[in-house]
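Annotated features in TrEMBL:
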REGION    72-91  region 'Disordered'
REGION    113-159  region 'Disordered'
COMPBIAS  113-127  compositional bias 'Low complexity'
DOMAIN    173-261  domain 'Ras-associating'
DOMAIN    269-316  domain 'SARAH'
Amino acid sequence: MDYGGCEYLVPCGKDKYISKNELLLHLKTYNIYYEGQNLQLRHREEEGELIVEGLLNISWGLRRPIRLQMQDDNQRIRPPPSSSSWHSGCNLGAHGSVLKPSTLPDIQVTDTEAAPTAEAEGSGTATKVQAEETPQLMRTRSDVGVRRRGSARTPSEQRRIRRHRFSINGHFYNHKTSVFTPAYGSVTNVRINSTMTTPQVLKLLLNKFKIENSAEEFALYIVHTSGEKQKLRASDYPLIARILQGPCEQVSKVFLMEKDQVEEVTYDVAQYIKFEMPVLRSFIQKLEEEEDREVKKLMRKYSILRLMIEQRLEEISEGPTAM
């Protein structure tokens, strides 16, 4: 794999750039770390633009439940044939005459298919998110499907729907467990490229698992083991950010979290997060003592300067006037 090439700048965020050669060096280190694994990244040039693509691991860091969609957008419930359908509460007679409205036909609220044990085809690597078995939110509009009695899907239709829907650890839509919180720290992945911004990656991840929540509720964060948390801006490119952070996820990970539940933590603050309160209090005491010493030193310094200036002024005022 050729990591050479001419020198030019690659955007990695708003008003942030990195040279192509430097990025390729980071990419080489990244691929050596994941040698023999499907997390290795590929790169190419397209119309003079460097494009890196591959799988990005994203850890779940949600505190609130998510909602799964009832079915794929292209799998709508088909209306029954017009000869036997009911419209606006009217029944049609044998020759198309309108009969007196009667009771509505039986409607059954049914569960969709149970989750298969294996991951859906084309899902890449298996995800590790565990679904809770008890719903934690009230049912939403897509929690159940309305279907006429006896209109069950054929096995081929069920397989077709499953092929187009990824699962979270085998968790497909089920109205009893469609609202759940993925296990904190569990990992999934999405196939992206270096030209995709943070909002695009978020939408891709939510669409992959057919999550009904809006992408506006979430954000991506780089979380370090030190406690540092850096939010990826809308103009950032998550795959490039991952490459620049290095490949080792024991040092840092990309997390999906709620925007309103997480505060950024700078490196300076993160250094003290893991200390116990007595240790932190001792740090504060030492800082206060050091501050007090510096204040006294400055006061002595300026007192001496003030005396020197006053003496010089007196000498000037007492001296003879030369004319």
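Every residue, even glycine, has its Cβ placed from backbone N, Cα and C.
Under DSSP, residues within the domain 'SARAH' (269-316) fall into helix, strand and coil as 42 helix, 0 strand, 6 coil. The DSSP breakdown of the domain 'Ras-associating' (173-261), given as helix, strand and coil counts, is 25 helix, 27 strand, 37 coil.
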